[in-house]
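Per TrEMBL, the features are as follows:
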type	residues	note
BINDING	B:Thr156, B:Lys182, B:Thr193, B:Glu280, B:Asn403, B:Ser408	substrate binding site
ACT_SITE	B:Thr193	active site, nucleophile
There are 2 protein chains.
Amino acid sequence: MSDTVSPLASPFPALPQIAGVTPRVARAGYKDWGRCDLTYVTFDEGTAVAGVFTRNVCCSSEVEIGRDNLAQGSARALVVNAGNSNAFTGYRGREAVEQIMAQVAEHLGCTKEEVFVSSTGVIGVPLPKDKAREGLEKALVAQPCSWNEAAETIGTTDTFAKGATASAMIGETKVTISAIIKGSGMIAPDMATMLGYVFTDAAVSPAFLQECLSAANTRTFSCITVDSDTSTSDTVLAFATGKASNAPLVDANSPGADAFAAAIHDVCRQLAHLVVRDGEGANKFIAVSVSGAVSDESARKVGMAIANSPLVKTAIAGEDANWGRVVMAVGKAGEPADRDRLSIGFGGTWAARNGLPLADYDEAPVAAHLKGQDVTIEVDLGMGDGAATVWTCDLTHGYISINADYRS
Amino acid sequence: MSDTVSPLASPFPALPQIAGVTPRVARAGYKDWGRCDLTYVTFDEGTAVAGVFTRNVCCSSEVEIGRDNLAQGSARALVVNAGNSNAFTGYRGREAVEQIMAQVAEHLGCTKEEVFVSSTGVIGVPLPKDKAREGLEKALVAQPCSWNEAAETIGTTDTFAKGATASAMIGETKVTISAIIKGSGMIAPDMATMLGYVFTDAAVSPAFLQECLSAANTRTFSCITVDSDTSTSDTVLAFATGKASNAPLVDANSPGADAFAAAIHDVCRQLAHLVVRDGEGANKFIAVSVSGAVSDESARKVGMAIANSPLVKTAIAGEDANWGRVVMAVGKAGEPADRDRLSIGFGGTWAARNGLPLADYDEAPVAAHLKGQDVTIEVDLGMGDGAATVWTCDLTHGYISINADYRS
């Protein structure tokens, strides 16, 4: 964890324990630091698993193997290494992951495919197998830890620990979700990466758990950006132990399925926002809401073009209601748009409607809105019913300092 | 022009006069400044014209009208307004452009369609028609000016005037090209925009002139980026007066066509590089060469993903040979690539080959290379024969200062 905490930080919430899930941490010493850097979470037998991974084609062995392991649908353990991403390390990186899987499988008496591994940190350096083995030996027999400790241990350049919780009623049964995440740059493969873990006691089939996670991902993790750079290791995994003994959810028609899907979505949205709130150099949290697009996906793409525009992000950093830069970003998105139907506002006040600056535009409320930490940009394309909201942070001197002054 | 000159600035070259082309400048007073801000260039009858324009769908009236006017193939005048882009101004913006075209057409006795207009500067404010009319009245009767004066007058946030020249032999006849450009952010629609003008005395059909310009554009202007933001007003126009009296070039089979196309390409490449050298906040000029791609276009896209990555650009600003960030950018480009065939180098020294860091990698020559102003990044994908080079600049505190501290 960094010494300087993001001005947008949220305190770590009170996360409920999840029956059938036990987190532990230990120090492998992947970097020359005094902190714990290996997180080990075990699951009781019968735990379903689902996951979404980076689309970066130069992904890590952890991502490749994790994607394959999802097929059999169950999980007994999760291992997260912090301080070394093990990416771009060829066969030696793959050997390190397989060693960890074998060591845990032997200890728990499960299959290797039920052990999921993530790594985050510097790239191009194979994960040291001796440190992984010794660190894991300590973790296997460590006392269980709190969610807060686990959330701190998976972090690298993060400036605060991040967690979220939600619950849902399935019939008369309450199911609970606790989740942690790390991430600060949306991506910086040698420094930071987004890794998220969602734990629930719900009884849910792997297929439906995957359906809920994928649906939530589309509207949460896929709708945030810090710097437009996509990590080689991004991973979000969901684990469901079934210990709540609810009537099992097998598909969207199961009673309570909607409530469970909504709770998963809620937790993923909270986690995604926390990553943006810890964006490198961030001083402002920006929500970009796009309506009137030809489809929801088109709205998302326009929103991401705005959220990724350095000129929009620096304008917000400068508290400047520069809607001309928003026009530019809409136009470069490559999605259907019509300059003469385009409307743009900040904080609920329209600056331009239907392709023209408003004659009676009052900049005072907009200027006041932009001085706050939470900024909204509203865009209506006037083309159709598609809508989406995406989230980002401003682009500041802090981002340059973090990324240009760092040496690999 | 800004007071602080880019450390990468080039002195304005000695540009030859082009027979049949006469530049003039005047002060319209689009902003509250003492400098000239209206450029007026006339062409003798029989001048062919070609152009390439922004793909931004929220483009300005100047771009829409200019694109339409190209169809008839001839030009008698060019008017460039600096200080107001006239973009996103609806029908009032369009009226201002049509007034300028009519005023010049009446003066020269030509058609409105033979008058080309560009504007650059703040957006959302209709170009004031009275200032345009009075400024143009002065320009119509002004003394001819130098290329250097014209290049300064089309500039806005540029820190130095930019020009380039080339020549070609067509049979026994020498044809000459002089060209000027403005641009500093690849784009910032309220501050900066790329406008380029190429003038030649060659006799060339509009169709073949367009073919040469479009081909050059693909490998020059389409291969540069400062900040990934695409202007609403980007325009490059080429004018050919025919005064050299060479055997007319009508297509690629005309004798001398290759030499002329090469000279147009040469001038466009020079202009494109000058824009990057004046990139907002730039301290380093970066060439990214990608080879081994499945096609040239695929190589260009991978190169642009690298050149647009904030993490790669900040690493170069920090003189850090952070090839892990290059791996990430290759992987996020969405083009065919294979982590285990990927090689990455800086300044001609490989840091990683075939998916693995080099065991005997010597960082000393790379560190020395990165301290210079001209940096090269070499990427070989090991997939095929496609290759491309793209150009960008580093991302520095200067970029943030220029764009976050500015008020619209």
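For all residues, glycine too, the Cβ spot is worked out from N, Cα and C.
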Just counting, how many other CB atoms are there within 10 A of the CB of B:Thr156 (substrate binding site)?
25
What subset of the binding-site residues B:Thr156, B:Lys182, B:Glu280, B:Asn403 has a Cβ sitting under 8 Å from a Cβ of chain A?
B:Asn403
B:Glu280 (substrate binding site), number of other Cβ atoms within 10 Å:
28
Let me know the DSSP-derived helix, strand or coil state of B:Lys182 (substrate binding site), please.
strand
Could you find out if DSSP has B:Thr156 (substrate binding site) as helix, strand or coil?
coil
Quick one: what's DSSP say for B:Glu280 (substrate binding site), helix, strand or coil?
coil
I'd like the Cβ neighbour count for B:Lys182 (substrate binding site), meaning other Cβ atoms within 10 Å of its Cβ, all protein chains included.
30
Protein Cβ atoms within 10 Å of B:Asn403 (substrate binding site), excluding its own:
28
